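The compositional bias 'Basic and acidic residues' annotation in Swiss-Prot covers 1-10. According to Swiss-Prot, the feature region 'Disordered' maps to 1-34. Residues or ranges marked as Mn(2+) binding site in Swiss-Prot: HIS51, HIS58, HIS95, GLU142, GLU144. Taken from Swiss-Prot, the feature domain 'Nudix hydrolase' covers 56-193. Under the heading Mg(2+) binding site, Swiss-Prot lists GLU113, citing sequence analysis as support. Annotation source Swiss-Prot lists active site at GLU144.
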Amino acid sequence: MRDSMSEADRSSPGSGKTDREDETAENATQDVIAVTPDDERTGLANRLDAHTGDGVRHRAFTCLLFDEDGRVLLAQRADRKRLWDTHWDGTVASHPIEGQSQVDATRQRLAEELGIEPHQYDKLEITDRFEYKRRYLDEGLEWEVCAVLQATLHDTSFDRDPEEVGGAMWVDYEDLYENPRYYRQLRLCPWFEIAMRRDFEGDADPVPDGTRA
């Protein structure tokens, strides 16, 4: 059944540690694209290595989908996630693979994680790109040059994959930024918080330091 929700829809708890170990093993078999601060490719890095120890700067994206009333669709990271498990994110976030554009990677994740297809939204646009580095407990870190993509949903139905998305809800985007005290129960992912702040404070720029499209 496809959903169009305004309140959180949480899955029942999974097996926790076992699922997390499975994800760690899966990450060890994958690569991410290592980049310079200006998002220039320097090579490939093992995904697990890029998120442990000192980390490796790599290419990533986060996507914010809105409805026609200005609400943003937030997704809760599943409890099997090793980093920022059960935290609330933008609509999707991930890493493109070698040879894949940010737009194509975003479309793929929207379809896989939420069952949202391209005919449901207008053109995806890269609205910002920034570098950040954050550690999470003793589990690892993110060190990313993160592109932000945005679009408006004309058909707000979706069908989340509980292995990836623990819950989903619509939130007034402006209210979330201006009144964070009302949303204290939502632990937000750092990359989403940065993207939202830059969006409202006028810092969003899809070209890092004005040097690259």
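Cβ coordinates come from backbone N, Cα and C, glycine included.
For the recorded Mn(2+) site, residues HIS51, HIS58, HIS95, GLU142, GLU144 set the reference point as the centre of their Cβ atoms, and the other residues of that chain within 8 Å of it by Cβ are VAL32, ARG47, ALA50, GLY55, VAL56, ARG59, ALA60, TRP143.
Closest by Cα distance to GLU113 (Mg(2+) binding site), from the binding-site residues HIS51, HIS95, GLU144, is HIS95. Secondary structure at HIS95 (Mn(2+) binding site), as computed by DSSP, is coil.
Residues near HIS95 (Mn(2+) binding site) in space but far in sequence (CB under 8 A, at least 6 apart, same chain), listed by position: VAL32, ILE33, ARG47, HIS58, ARG59, ALA60, PHE61, ALA105. According to DSSP, the secondary structure content of the domain 'Nudix hydrolase' (56-193) in residues is 30 helix, 58 strand, 50 coil.
In the structure shown, across all protein chains, GLU144 is the one of the binding-site residues GLU113, GLU142, GLU144 with the greatest number of other Cβ atoms within 10 Å. According to its DSSP assignment, HIS51 (Mn(2+) binding site) is coil.
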